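Input: a single structure, listed below in C-alpha cells.
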Amino acid sequence: MLRIFRYRCIILRYIILWLFLMTMTKLTITFYDDLQQQSIDSTSLALPSDDSELNKNKKQDSFNLTMNESQYVNATAINRTVIEYYREYVQKTNQEQFMHNKHLFSLRTTRYILLVQVHTRVIYLKKFIEMLKDVQAINQTLLIFSHDFIDIDINLLVTNIDFVP
C-alpha cells in the first residue's frame, strides 16, 4: 500500500513539474514575441528617413482616425522629436570635447600612442595609471582614454594625470 502511495506522489510531482515547465515556456515565448514586436516598432521610429510623403498622407487621413490611432500618431511625433533632440545633444557634446594637456603634445617629442578603453572599474584604472608612471619612455607617449559613459571618479583620475602629454 505504501509503495502505491509513493508512486502516486512521484507521478504527481512529475506532472506538476511538467505543467510548470510548459507554462513557463509559454510565458517566455509570449514575452519574447512582445519584446520582438516592440523592438521592431522602436527601430523603425529611430531610423532616419525621408517621410515627407508619409506626413502628407497622414495629414490628409487624420480626419478619419479614431482616438487610439490619433494618440499613436501623436506619440510617434513626440518620439521623433525626442530622438532628434538627443541626436543634436550628442553631436554638440562630442564637438565640445576638451583635450587635456594639449599644450604638452608635439610631434617631435611623441614616439608612441597608447589608447585605453575605460570600463566601469575605477580601482583597476587607478592601478593601471599608477603602473604607467613607472613605464620607461612614458613621457614620450600620447595617452588617450576612451569611454562611452560619464563617471565623475574616472574623469577625475584621467584629468589629474600629469606625467604624459
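One-based numbering along the chain as shown.
Note: Cβ is positioned from N, Cα and C throughout, glycine not excepted.
What TrEMBL says about a protein is an automatic prediction, not a curated fact.
As recorded in TrEMBL:
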type	residues	note
TRANSMEM	12-32	transmembrane segment
CARBOHYD	Asn79	N-linked glycosylation site
BINDING	Gln117, Val118, His119, Thr120, Arg121, Asp148	substrate binding site
Given the binding-site residues Val118, His119, Thr120, Arg121, which one is most crowded in terms of C-beta atoms within 10 angstroms?
Val118
Over the residue list Gln117, Val118, His119, Thr120, Arg121, Asp148, recorded for substrate, what is the maximum interresidue Cα distance in Å?
13
